[in-house]
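Straight from TrEMBL, the features:
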DOMAIN    237-298  domain 'PD-(D/E)XK endonuclease-like'
ACT_SITE  ASP244  active site
ACT_SITE  ASP257  active site
ACT_SITE  LYS259  active site
Amino acid sequence: MAITMQVLKLLIQCKCVRSMGFPSGQFSRVDNFSTGCQWRARKKVSQYSTVDTDRYSSLVREVLSSKTSSQTPESIEDEDCQLYGPVIRSRPPSQQPKLPKNLHPLLNEAKGQSEYVPGPLARITLQRDSNNASIPSVTRILQKTMPPDQAFYLERWKRRMIAELGEEGFREYSLNLFRLGKLFHAAIEDTFTQEIPFKEEHECPAEVSGYIESVSNVLNDITGVRAIESAVNHSALHYLGIVDCVAQYRGSLCVIDWKTSEKPKPSLRHTYDNPLQVAAYIGALNSDHNYNYQVENGLIVVAYKDGSPAHTHFLNSEQIMPFWEKWLLRLEEYAEK
């Protein structure tokens with residue numbers, strides 16, 4: 001019996017030593033060990049020990065294996081209707097265009113379409129006196145009534161140029177653009193006033209030779225020039241301006257506006273307020289008693305300094321009418337300021 005107890009005691013001591021990480025056989029003799037191991041660690045009880053792991057595992061597998069949500073836009077809308085009631089959809093705002101209060105006609109019934117008769121070109125100079133000192137120009141009206149988005153992009157471009165060139169540099173840049181525009185218009189005027197056909201060489205300043213090359217094909221389509229750099233005055237609506245040119249373009253009598261640009265403008269929408277300007281000139285010319293004919297069409301020609309072909313935007317009598325109505329709205333807006 002004593003031998004059995006001693007063997008049991010040794011077995012317990014050996015198990016306790018192994019649980020402490022000692023390799024077996026390291027101690028050949030173990031003395032003074034009690035039957036209970038005093039370093040025995042308390043076993044921690046997990047809070048998830050009572051969870052049904054089989055049921056939980058199947059739930060996880062079901063969620064992860066699903067490729068689409070059980071909710072759909074239709075089910076969400078149905079649930080929303082049950083909680084908050086049906087959705088009341090508002091009607092979209094009216095898209096009807098705003099019309100001017102005074103829809104003044106573009107054409108003058110007192111005038112007719114007169115045949116072209118060769119003769120001196122009209123060059124009526126704009127003279128300011130006490131009678132017309134307060135009459136605004138087309139350019140001023142368009143500047144004062146510029147749409148907010150257009151004014152925003154113009155101001156952003158100006159700030160970017162000032163940051164790049166400085167205040168003084170930007171001022172010189174703007175003056176140079178204005179000077180080149182004047183030289184370009186003068187060169188165009190020379191091509192129509194000289195007796196030499198345009199197909200032959202004309203001398204023009206080297207600075208605008210690229211612009212002239214750009215519009216060379218357009219000039220070949222222009223005949224029967226009637227007016228160049230000539231003032232027009234709308235007697236009823238009280239505004240004035242200076243038309244660049246009045247001539248036949250491919251057989252249609254037009255008010256022609258020459259423009260220069262550093263960027264291509266292949267589409268009419270790239271010309272911003274230029275169609276309104278042309279429509280305003282047409283209406284003023286038709287109202288002005290200094291001209292015994294009237295015009296129904298407009299032409300915008302955009303020339304480029306590098307000589308690349310100019311973009312032309314022709315507006316017939318139907319296409320010009322929407323821009324005439326927009327011009328009347330801008331005119332009313334200017335009068336209200």
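Each Cβ is built from the backbone N, Cα and C atoms, and glycine gets one as well.
Bear in mind that TrEMBL entries carry predicted annotations, made automatically and left uncurated.
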Count the Cβ atoms, other than its own, that fall within 10 Å of the Cβ of ASP257 (active site), considering every protein chain shown. 20
How big is the gap, in Å, between the Cα of ASP257 (active site) and that of ASP244 (active site), rounded to a whole number? 5
Across every protein chain in view, the count of C-beta atoms other than its own within 10 A of the C-beta of LYS259 (active site) is 18
Counts of helix, strand and coil residues, the domain 'PD-(D/E)XK endonuclease-like' (237-298), according to DSSP: 18 helix, 23 strand, 21 coil
Around the Cβ of ASP244 (active site), other Cβ atoms within 10 Å, all chains included, total 21
How many whole Å apart are the CA atoms of LYS259 (active site) and ASP244 (active site)? 10
